[in-house]
Structures are given as C-alpha cells and as structure tokens.
C-alpha cells in the first residue's frame, strides 16, 4: 500500500457492511477516505450499537462451500480480493456446520477497530441529510435498507420518485431446468408480443378446479411471517401477498395473477385450464424464471411445500424464495452503469443493499467492487468490471443489466433484491467422465463444481489486472 495523501479523499456514506468494505478497499489502494456514519447521532429501529458493520439480523454468512454453493464461491472470491469483512468474519467464526457464522459483537468490533486504526481512513459520526455537495467529488452511498428518510428523499429527487423503492415485494424465482415442460408450456397471454418478446415469453402451469381449490386452501393455512414492528404493513395495490389475495375469496386469484384467459394448454389444447400460474423470464441468460404476482409473507418451509403443489413445479429448485420487507433500494438496472455509478451524476456511486442485492455477503461484495472501481479511477486507472463468469460479476450483472426490466404489472417494479446463486452465472459445459453419462444429482453437482472452478480461475485473472 502506497499513500497518496495529495489526493482528495473519497467520501463513503454509511458504515454498514458495504460502506466498511468500500472504505477499506479504497484505503488499501493508497487513497484517503472519509467514512460517514450517522450512528450514534441518529439511530435506527434495527441497530442496537454504534459499531460499524453491525449485523442486525442473523449472525450467519451462509454456506462456506466454495465448490458447490454460489455464496461459498463469493466468500472465496472476496478472500482473494483482500476483503476486510471476510477477514474479520474468519477471525470471529463460531461453530455452524458448513456455514460461516460469526460472533456478532466480536465481528463488528473487529471491523470498527481495523477501520479506526487505518492511517488513510477518517470516520465522521454525523448524519448526511441530503446528497453530497459537489465539492466532495467522488462519493459512495452505501446507506442500506434503512436509509434515513431525508437522504432517501434526496436520492428519490435526483433519480426520479419511481426509481427508489421503500419495500421489496419478492416473488420466488425458479431454476428453469427444474421445471417440468412436459406439463408446462411457453405462451404469452393472447400470444401478445411485447418489446423484445416473441409471444411466448411466459411459462404456464395449468390447474384444474380441484388442484386450484387445494392450492388456495394451502395458501390460507400456510405459516406466515409477521412484519417487524418498525416495518409497518406496506401493502399497496399491485403488491398484495398471494396469501392475502387468497383470503379475500376463493375466486380472487383466478381473476388476478392466476387468471387463465388468453392461454391454451399446448399439451391438451381442448381442455381449458381452470387457473394458470405464470412464470416470467428473470434474467437475460434464461436460466431463471420468477412466479408472476407471487410476492408472499409465507415462511420459507411453507413456500416450498405449497408451491410444489403447482403442476409442473413438483421438483422445482428455488433460486430465491418470496418475501415482503422494509427495504430502500434503487431501480439499479435503469439508473446505474456497469461500474455502479449513477448515470445522471457519475461522481456518485452506490453500493450494498441499496443497489438491490440481498444478504450480508452480497452487500459486502458490492461494497468491495465499488471501492475498487473508485480507487482505480482516483489513481487514473481503468475501472474494469469482473467477468460475468465470476460470482462478483454475476451479482454485479444482476444489479446493472442482467435482469430483464418489465413494465407489464401495474403497481410493481420488476427489479427486486437477489442473493447470489448459480442461476446468475452463464452456463458452463460440464466435463463428462469417460464412458459415463451423468444424471440427476450427480449431474447437478458436476455442473456446480464446473461453475465454481471457472469462477475462481476467472476471478484470479481479473484481480491480476489491479
């Protein structure tokens, strides 16, 4: 690390996981940083301490398996990149089987101590109530899901009021190769061709009356998660949880997101479905499909059991389950460029959960990328995005362009927060053992190993450019 004290500092707003990691990466590159954190001057309903990188929910960073789990691959890539968050997590690990879990107090204290001790990092405890003044120059905004209202309003004013969401409405996402296409079929309603569409842009899952009634009953009876007190109840038109719609009457769903009109079962064209669940392509690769209109507060265990009742989804593998939470985040695919800069004001860069990633590790990873991109620019170097074959690149791609933006559901935005998962990675050729054809679970594991090996090799090559 060489110090460039003659450089003007980079300002980072928000001392959570992403902001802490961004500040560390910038300082480690030799560029001075001012890290602004509003706690303890102003607290939140979720934070309990004034430590940086406080973990407000679980103490788990999820699987540490870097061979067959996408988040484990992201762990490995972050370690290769010199991540502060991963170093402190490893130093404060507690037993959790194959997962990386941490002593939450020890972890956040360690992050705080490392940042406070760094000669190029200045920590300012103050609330930033608006967008940074132009004289600050390059600034990273990493204010997280609980962004203070005044700053959120300023961001909304800069980006357009519709560009900032205050609650996520997450519908489950399914891996395409787990959908039974002997039951389901491709068709848009009334064969309508939308922008960039073919008239066959949805996968349709048909139900007869008996299946529909059993499904509605299961939705109503399923275990549900209550809102936390500070979240309020953010139901609004176009974003009702699927189980709340079911409770409004037995016919509500089949006249709403499950309406069968304009659809003909390609496998049985003479029999009209009583109801239809539609799945819409979620990423440009075509590896992921989301369940249209299926945002939910059902507990995860209930979701998997109930949604596998849907014909064609009996063996569905979920890349993400549904939810509805308090969460401030940008419509990033529209607003941010491929190195996380605001297109309309390129001195502003965003990082962490406010960009639309989901999870501790993912937020930290986007902070790491934002920090590296910013440091490169300050040092008059090129900010080179990671390859899409890496976990870094797959996650960045979802945020800045891999997600397909649609406008066909009034009251909803199609871009929703996402954890890293193998469905975000470009497909890979799976090596076949000589004279043997892989099937089932064996094939799935081989595919994951191939994706992981490619990701780590490509990540090492990318890091060698910096």
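Every residue gets a Cβ built from N, Cα and C, even glycine.
Features of the protein shown, as given by Swiss-Prot:
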BINDING   14, 15, 16, 17, 18, 19  FAD binding site
Proximal but sequence-remote residues of the same chain as residue 19 (FAD binding site) (Cβ under 8 Å, at least 6 apart): 12, 13, 35, 37, 52, 140, 142, 143, 351, 352, 367
Least Cβ-crowded entry, counting other Cβ within 10 Å, from the binding-site residues listed as 17, 18: 17
Residues within 8 Å of the 14, 15, 16, 17, 18, 19 Cβ centre (excluding the FAD site residues themselves): 12, 20, 21, 22, 37, 52, 53, 142, 143, 144, 351, 352, 363, 367
Other CB atoms, at most 10 A from the CB of residue 14 (FAD binding site): 31
All-chain count of other Cβ atoms within 10 Å of residue 15 (FAD binding site): 29
Three-state secondary structure, which DSSP defines for residue 17 (FAD binding site): helix
Other CB atoms, at most 10 A from the CB of residue 16 (FAD binding site): 30
